[in-house]
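Contents: one structure, followed by commentary.
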Amino acid sequence: MDEPGGKIEFSPAFMQIEGQFGKGAVMRAGDKPGINDPDVKSTGSLGLDGALGQGGLPRGRVVEIYGPESSGKTTLTLKAIASAQAEGATPAFTDAEHALDPGFASKLGVNVKRLLISQPDTGEQALEIADMLFRSGAVDVIVKDSVAALTPKAEIEGEMGDSHQGLHARLMSQALRNKTANISRWNKLVIFKKQIRMKMGVYGRPETTTGGNALKFYASVRLDIRRMGAMKKSATKSYDWSTRVKVVKNKVAPPFRQAELAIYYGEGIYRGSEPVDLGVKLENVEKSGGWYSYPGRRIGQGKANARQYLRVKPEFPGIFEQGIRGAMAAPHPLGFGERRDVQQESGEPYGNNG
């Protein structure tokens, strides 16, 4: 970009733009803060952090998490909040559904005394409160639960049975047009939870998400979370379930990767076997017969003993996880699934990654 005989920073056009619009109105892409060291927040799952490509959910971006009921959306967002708190961040939770249970959140590791909660009356109020919190610098992460519950004021003040066609979609479109630039400027992370609806009388997959198409376009990361099946703890009762999360859109890393999570009731995402399983998939841990080995030492015979080794060696898990994250940061890490027929499985075509 250098001009002959000098740098563009000293050209009359560049100086005029900065004088009129302020410093930073035009800059080199490589000079933007965080361009080489992305700022991310962990999801609370080592496997999902790897599937996302950069080690977590990117700050300064909008993230959408959608899926059927009881698929683990709330559990995933609360674990992300707990991870953010562990890193010193201050999160906020917009409880538009008025359904958050502080006791359940506490069991998942959330420090409820440090969690800001808002229960707005209207969708406009919810979005304005979030914007004011961002401007104050008081919070780093905001979760909006959920898009379907961000009810427009006109609908609340109207009569039951009144038609408000397109009102919700217009609210989301206007809000994202106005707020996305501020989210990037203030380097905040916004997570929208979305429910799934069924379109009537359509050919093919009838699933769709609420709130129109605006969030699909403005979100940098979209996660499709689906419950796969129950995992039994006893012969008669099922307490836990396995969940698959697909990255159907990703503007900061390669998309279409996936991770499988084990979710325990009252505990959240179970990380006990994640490091060992991922280490084997990423070829960072050697499995020979029944023995698991990490470079330089054996960590156990059988997966249970390997997990126990990580549990009783206080200095080792950090080194072990650091090695796993380093392997996940490779350009083409193994073990996170390939480009599958995302259009058929999640309802999102390949071309919707823009």
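Easy rule for this one: first residue shown is 1, then count along the chain.
Backbone N, Cα and C define each Cβ position, glycine as well.
Listed in Swiss-Prot for this protein:
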type    : residues                               : note
REGION  : 28-52                                  : region 'Disordered'
BINDING : G67, P68, E69, S70, S71, G72, K73, T74 : ATP binding site
REGION  : 332-354                                : region 'Disordered'
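Swiss-Prot feature annotations superimposed on the structure.
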residue: G67; record: ATP binding site; contacts (Cβ under 8 Å, 6+ apart): K73, I196, D224, I225, R226, R227
residue: P68; record: ATP binding site; contacts (Cβ under 8 Å, 6+ apart): I196, R226, R227
residue: E69; record: ATP binding site; contacts (Cβ under 8 Å, 6+ apart): Q195
residue: S70; record: ATP binding site; contacts (Cβ under 8 Å, 6+ apart): R227
residue: S71; record: ATP binding site; contacts (Cβ under 8 Å, 6+ apart): I225, R226, R227, T243
residue: G72; record: ATP binding site; contacts (Cβ under 8 Å, 6+ apart): I225, R227, W241, T243, L261, I263
residue: T74; record: ATP binding site; contacts (Cβ under 8 Å, 6+ apart): D145, K193
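Using the Cβ center of G67, P68, E69, S70, S71, G72, K73, T74 for ATP, the list of other same-chain residues with Cβ within 8 Å runs, in sequence order, I225, R227. Taken residue by residue with DSSP, S71 (ATP binding site) is part of neither helix nor strand, so it is coil.
Packing around K73 (ATP binding site) is summarised by its Cβ count: 22 other Cβ atoms lie within 10 angstroms of its Cβ, all protein chains included.
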